[in-house]
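Peer 1: Just dropping this structure here.
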Amino acid sequence: MKIRIKSTRGQCVSTIDEAILSGLAGDGGLFVPDRFPDLTIKKFYEYGNLIDFSAHLLSPFFSDSKIDVNNAFFQKFLTFSFPLHHLFKKSYVLELFHGPTLSFKDLGTQFFSECLLHLIENKSAKVLVATSGDTGAAIAHALHGKRDLEGIILFPKDKLTFRQQSQITCWGENIRALAVNGSFDQCQQLVKLVFAKREHKGILTTANSMNIARLLPQIIFYAFTSIQLALRHNHSVNFIVPGGNLGNVTACYWAKMLGFPIDQILIANNINSALSEFLLTGVYQSKSVIKTLATAMDVGEPSNFERLFILFNSYSECKKQMNAESVNDEQIKQAIMNCYNEYHYIICPHTATAYHRLSAINQDKPWVIVAPAHPAKFEEVLEPLLKKEIPVPKQLKILLDRKQHYSIIEPNYQSLYHFLVE
């Protein structure tokens, strides 16, 4: 039976192709699979090649698609890996920052871009994105120079590091960067408003993790890693995942639902943690954003909460299945220093939230903390703490030398609409 795609709010059912092109469901919800495919997990122990593994994992979701998600599809962009760095005992860091823009978003945005090119069939399309840092850089790289695609990237003005902003604004040509006088949540609300009004002409979609084509490939991180470590330790694997907009957290749970050898999933948030409060009180409400050292996690209303809630479908089940903890800036600083002093390993502030949680648990079982971004993006935080210069990878140096191109807009629909109709 083919997998259909449904809205988290229950009013819309779609094909995978329609879901990718529309971005958000017509009822305002997010698209999710109506069921998970029945995979023969033991076969995945035989796929030592990441390309083979990825194609066999995701192709069942595309059984009624124009897109053939096969080895050739992945070979076009999956030229990087996500290695495990051994810390101590059975504890590891999953390094998701070896793609072209040095963050975990590279896999999802490259996958999304390739899907979109297959679907628009020589037409043109605009891609609207809100970013708290890494998504903007990754989608700009994925779309840049692609003749039929235009990227419009919203980021909160004065809320990113210089290096993060440079990676978003250095492209020009078919990439339009817009600095919004507001928070990331306001940027994200603008994107949702555009799709709710649907006043635009032509093909317009989003490349945030709200788009299911951004989220599905992130399952690969957790499925592939769990198989690797299960082979090594003959035991299921536990993950600690930094929160933020909760896309990576959702992908980890989806990998577990598919049957991969994953046991516990712990969520590490900064102090902007609507999820932690929900699990404590049963009440979910958006929060005003407080700026922290883990800037990409400064999210007061995480979109993917809807996907997590529908997965478990009740507060009691969410409380049973999810474990989230908030980590403040002082704890982030201490985690960065402890990790470097004890293991001579440099982590970014987001990874530090996961490392903080690791330090408080029993490490006799395989534990993996997720490192979503390269530490070189956060030299403003790390260098004063560690009293050393953070080496800058070559691909980042090239981007930092380019001129920035961006416009400043107010956080309202009228300010943005002008750029949608140009």
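For all residues, glycine too, the Cβ spot is worked out from N, Cα and C.
Unlike curated entries, TrEMBL annotations are predicted automatically.
The following feature annotations were taken from TrEMBL:
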| type | residues | note |
| --- | --- | --- |
| DOMAIN | 6-64 | domain 'Threonine synthase N-terminal' |
| DOMAIN | 94-371 | domain 'Tryptophan synthase beta chain-like PALP' |
| MOD_RES | K105 | N6-(pyridoxal phosphate)lysine |
Peer 1: Relative to the Cβ position of K105 (N6-(pyridoxal phosphate)lysine), how many further Cβ atoms are located within 10 Å?
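Peer 2: Summing over all protein chains shown, K105 (N6-(pyridoxal phosphate)lysine) has 33 other Cβ atoms within 10 Å.
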Peer 1: Please classify the secondary structure at K105 (N6-(pyridoxal phosphate)lysine) using three-state DSSP.
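Peer 2: The three-state answer is helix.
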Peer 1: So, by DSSP, how many helix, strand and coil residues make up the domain 'Threonine synthase N-terminal' (6-64)?
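Peer 2: Going by DSSP assignments, the domain 'Threonine synthase N-terminal' (6-64) contains 24 helix, 7 strand, 28 coil.
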Peer 1: Restricting to the domain 'Threonine synthase N-terminal' (6-64), what is the model's mean pLDDT?
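Peer 2: For the domain 'Threonine synthase N-terminal' (6-64), the model's average pLDDT rounds to 93.
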